[in-house]
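To start, I am sharing the structure in question, which I have written as structure tokens.
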Amino acid sequence: MYIDGVFSGGGVKGIALAGAYEVLEEKGFRFKRVAGTSAGAIIAAFIASGYTSKEIHALIEEVDGEKLLDQRYSFLPLKMLQWVSIYWRLGLYKGDTIEKWIADLLRAKGIRVFGDLQKGSLRLIASDLTNGTMIVLPDDLARYGLNPDMFPVARAVRMSCSIPYFFEPIKLKTDTGTATVVDGGVLSNFPIWLFSKERKRPVIGVTLAPRERERPKKNIRNAFELFGALFETMKDAHDARHIASRYEQNIIFLPVDDVMATDFHLTQQKKLALIELGKRRTELFLKQWTY
């Protein structure tokens, strides 16, 4: 059965998305169109490029997450280097290594630019801080004077997963100036709304967040907790409105509480546990899902 799929962001927690994909594929579901933000952008790009769930599972087992972080070398002490990197480079890590890793894997399937994919089969979300707008890739690239068909898919994925202060933002250079682009999760971490205006088949979403009614209330007692709650609300409120009103029955919820989004040092055991969580939750979802 053909479906469309939407995958949420969540950093390293996104390994659980691979488990969900594995069960969906085993049950005979095939994706015509996929969309995603951040970690969801990575798995969406792999699916659109023809990777099977088993192949993605193998990639997760093989990759050393620590090696995807391009370290900076300096005479400065580590702590000082980190502050300098954030202040001047706007990110602890350049992000070049993870982009190359993605590009190499896509190239192995014959995919380099969006024109190599079936038109409309992949959409990714990024955030343009310079102009204060959300970017839907590749659709909105024309706004920047860029040819969507000739834009590298790996660069678009890198834009979508540029976690603020962790990876350097992407500087999108155009004829009209330079836009600073960061993680799509800043504006829409779970773009389940993307296919609503042109729904052609069932849409299944997979999110790394809990159901709205299961979310813990935020305790705000100081400025740091206020900032955290403010950022979380900005990130999730837009998507939560869509989920609550229309889509919840079509969403697989994979709440991951014991892993940080930026923990690239996961053991094999923890990776497999995340995949198993995705599989288990998806099997439960399919037992009661009707379409």
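Placed from the backbone N, Cα and C atoms, the Cβ positions cover glycine too.
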Give the range, chosen from 26-30, 36-40, 211-215, that Swiss-Prot lists as motif 'GXSXG'.
36-40
Can you work out the mean pLDDT of the predicted model over the motif 'GXGXXG' (9-14)?
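For the motif 'GXGXXG' (9-14), the model's average pLDDT rounds to 94.
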